[in-house]
Amino acid sequence: MKAQSEPRFDYVKIAIASPERIRQWGERTLPNGTVVGEVTKPETINYRTLKPEMDGLFCEKIFGPSKDWECWCGKYKRVRHRGIVCERCGVEVTESRVRRHRMGYIKLAAPVTHVWYLKGIPSYLSILLDMALRDVEQIVYFNAYVVLNPGNASNLQYKQLLTEDQWVEIEDQIYAEDSELEGIEVGIGAEAVQRLLAELQLEEVAEKLREEILASKGQKRAKLIKRLRVIDNFIATHSQAEWMTLDVIPVIPPDLRPMVQLDGGRFATSDLNDLYRRVINRNNRLARLQEILAPEIIVRNEKRMLQEAVDALIDNGRRGRTVVGANNRALKSLSDIIEGKQGRFRQNLLGKRVDYSGRSVIVVGPNLKIYQCGLPREMAIELFQPFVIHRLIKLGIVNNIKAAKKLILKGDPQIWSVLEEVITGHPVMLNRAPTLHRLGIQAFEPILVEGRAIQLHPLVCPAFNADFDGDQMAVHVPLSLEAQCEARLLMLACHNVLSPATGKPIVAPSQDMVLGCYYLTAENPNAQKGAGRYFAGIEDALRAYDHGQVDLHSQIWIRHLDEDVVTEKPDTEVIKTEDLGDGTVMKYYRERKIREGVDGEIITQYIQTTPGRIIYNKTIAEALVF
């Protein structure tokens with residue numbers, strides 16, 4: 001089998017499609033020379049045979065076979081007939097997956113305007129035509145005529161709007177025996193708009209606008225600049241203004257608007273099929289009316305209905321009454337499928353699930369370092385499975401991948417020590433949606449934890465705008481060495497202390513951290529349990545607190561031989577001196593008691609503090625290692 005070469009491209013550009021381009025999307029020449037692509041019938045499938053109707057919205061001749069390597073009539077089956085076009089049904093024998101990308105088209109009996117360009121904000125049709133949006137709508141929806149050529153009539157101007165009565169009056173004057181009026185042309189509907197757009201010489205209009213901009217100011221200048229910008233964009237993209245009206249409508253592949261049979265024999269179908277059916281029905285009816293030379297008022301009404309059907313297909317509800325289906329539910333148009341949070345871009349393209357990633361609720365991990373995160377064992381073994389398998393084979397515990405997977409599935413105790421080894425020094429990235437700035441995704445060193453929640457250091461919460469009331473975070477594993485290096489050097493949490501927006505520290509204790517520090521170090525005169533007791537050292541005092549002999553805020557005395565004691569206020573003033581009779585002296589300060597020898601050396605020093613302050617000081621000292 002020949003390897004397919006990947007098409008290389010530099011960028012994707014979105015531009016207005018010409019009618020020829022739309023026709024090219026859907027039109028194909030079969031190997032036998034038959035040209036197919038135009039959808040002419042509104043039928044979907046035959047409800048007796050359950051096969052797609054020919055030339056309908058699910059036609060196998062246009063879009064490809066419903067079953068792999070099988071034509072519509074069943075004459076050709078199996079892959080050996082690849083590429084053959086059936087003489088009976090005209091279906092090319094190929095894979096059914098072509099129905100996911102082969103398009104069709106509908107040739108319209110009359111042009112229609114594209115609702116995005118008419119009713120969008122701003123309305124590009126009204127900007128290009130230099131007319132009010134209300135006036136353009138009047139023309140498009142057959143409520144007013146527009147003068148396409150004033151001829152020799154002095155009372156008419158180019159692009160002037162006329163009501164039905166005014167046009168009837170002018171017609172009477174034109175067809176009068178003594179009339180001298182010549183060359184007057186008026187139009188209505190999208191055909192008139194298409195002609196007005198086609199008559200625009202974009203380069204000439206752009207030059208004229210540049211001259212006018214130089215001579216004008218204020219609101220008029222802003223309006224001219226807006227029009228020039230639109231025209232310049234048309235020129236730059238080699239697009240023509242009349243392409244904003246449609247002569248041909250693309251029909252998207254049938255597998256993207258499926259029809260499936262339910263248990264009760266009923267069918268569930270995509271809303272697009274109903275919208276396409278409306279367009280085809282009205283288009284066929286209009287073509288038939290034009291053939292039989294029906295009265296102009298009937299043809300005009302059918303053209304308006306066709307315009308409304310195409311509007312509903314492209315963007316249902318943008319203009320006029322919303323088309324509804326069963327249970328008065330608005331039908332989902334092409335725009336509804338593309339736009340919004342559940343649309344194709346945000347949901348399916350940007351919101352794809354990626355390999356080597358997981359998601360779980362976050363809980364606080366107070367014992368973690370700032371650059372660490374607690375990763376549940378269950379999640380870690382899944383994320384790091386390839387690395388664990390490689391390590392198991394390298395250590396000779398298993399011989400192949402299958403045996404390694406079996407060992408992991410069984411939950412063998414050996415795998416946990418291997419997992420510990422694998423994750424050491426391998427950072428993971430944590431991301432919390434919405435990622436509004438670069439600190440919304442940071443790297444951490446994983447620590448294996450029990451349970452099913454990711455543990456996060458409380459100090460990194462402001463960067464993620466996270467809290468622990470049920471927030472979820474995603475974990476991603478950088479696979480290549482380059483990615484791991486970048487994660488460690490650039491994205492590690494301890495390297496992201498400053499806010500990129502303000503340059504101020506974003507890592508700052510808040511809420512319960514500040515409250516905890518305050519509570520530990522606060523003074524409470526009412527705490528009398530064990531107050532005034534003496535302890536030989538810090539450990540003794542903490543042991544007494546653990547056994548409930550002293551309160552957290554009780555004032556106690558601790559022997560502390562280090563001279564360097566920091567107090568809230570300078571404590572250098574001796575309040576009282578007591579001679580102990582053995583040549584030593586006891587000096588009493590506000591928060592200290594010092595026993596000095598004959599030569600003034602410190603024998604013993606007691607300082608007044610609380611168990612809470614001891615805990616705080618000890619924790620800080622251990623963290624800073626001084």
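Cβ atoms here come from the backbone N, Cα and C positions, even for glycine.
Record features, source Swiss-Prot:
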{"type": "BINDING", "residues": "Cys71, Cys73, Cys86, Cys89", "note": "Zn(2+) binding site"}
{"type": "BINDING", "residues": "Asp467, Asp469, Asp471", "note": "Mg(2+) binding site"}
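Ranked by Cα separation from Asp469 (Mg(2+) binding site), the binding-site residues Cys71, Cys73, Cys86, Cys89 are led by Cys71. DSSP classifies Asp471 (Mg(2+) binding site) as coil under the three-state reduction. Straight-line distance linking the Cα atoms of Cys89 (Zn(2+) binding site) and Asp471 (Mg(2+) binding site), rounded to a whole number, equals 58 Å.
One way to see the shell of the Mg(2+) site is to take the Cβ centroid of Asp467, Asp469, Asp471; the remaining same-chain residues with a Cβ within 8 Å of it are Ile362, Ala466, Phe468, Gly470. The Cβ of Cys71 (Zn(2+) binding site) lies under 8 Å from the Cβ of Glu60, Pro65, Lys77, Cys86, Arg88, Cys89, Val91, Glu92, Val93, each of these being in the same chain and 6 or more residues away along the sequence. Look at Cys71 (Zn(2+) binding site): DSSP puts it in coil. Neighbour counts of Cβ atoms within 10 Å were compared across the binding-site residues Cys73, Cys86, Cys89; the minimum falls on Cys73. Across the fold, the C-alpha of Asp467 (Mg(2+) binding site) and the C-alpha of Cys73 (Zn(2+) binding site) stand 62 Å from each other. Each of Glu60, Trp72, Gly74, Lys75, Tyr76, Glu87, Arg88, Gly90, Val91 belongs to the same chain as Cys71, Cys73, Cys86, Cys89, is absent from that list, and has a C-beta within 8 angstroms of the C-beta centroid marking the Zn(2+) site.
A distance of 56 Å separates the Cα atom of Asp471 (Mg(2+) binding site) from that of Cys73 (Zn(2+) binding site). Of all the binding-site residues given, namely Asp467, Asp469, Asp471, the one with the smallest number of surrounding CB atoms inside 10 A is Asp469.
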